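Only one structure is covered here, and it is reproduced in the block below.
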């Protein structure tokens, strides 16, 4: 009688199950339509313009600010990342800033252009925010980024033609309402 070799073959093969998700590449939404020009040594706050549209329907887990081609050590994220602060900026802080918003399934980024000018070379026409309101109708003027710097005991100064003929009501949130 001969002995037959017995080979045991497993019925089940062990293979570790690893679930992987493909993280999508960030969608580049391009450059924001408004450029920011600020004075040297005055705090700068850059807003994340997409926060209002994204927060309505998306669960944003992370917001990251970067400066293209430079270290990010001068960037301070405020308001849960929806704004970026630079204290005492210099002209070397001028450049393209990128903010990246991500959640579990989505990633997009947009860039903002920041130019820091010295006080000696500044021109108020470049830094002012011209807005036109028809004097025959109620209008609302919005001063960009003013909420970050305004306090309740600050008087607002307005300059313009026939400004005395209008009633000005401060809505206490950085908005002024002009009534004929």
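Using the three backbone atoms N, Cα and C, a Cβ is placed for every residue, glycine included.
Residue 80 (N-linked glycosylation site) is surrounded by 10 other CB atoms, counting those within 10 A of its CB over all protein chains shown. The N-linked glycosylation site annotation in Swiss-Prot covers 80 (among others) and is backed by sequence analysis.
Positions annotated as N-linked glycosylation site by Swiss-Prot, on the basis of sequence analysis: 103 (among others). Its own atom aside, the Cβ of residue 103 (N-linked glycosylation site) has 12 Cβ atoms within 10 angstroms in the protein chains shown.
Summarising the annotation, Swiss-Prot assigns N-linked glycosylation site to 113 (among others) and lists sequence analysis as the type of evidence. Around the Cβ of residue 113 (N-linked glycosylation site), the number of neighbouring Cβ atoms within 10 Å comes to 15.
Positions annotated as signal peptide by Swiss-Prot: 1-20.
Rounded to a whole value, the Cα-Cα separation of residue 103 (N-linked glycosylation site) and residue 80 (N-linked glycosylation site) is 14 Å. Across the fold, the C-alpha of residue 113 (N-linked glycosylation site) and the C-alpha of residue 80 (N-linked glycosylation site) stand 21 Å from each other.
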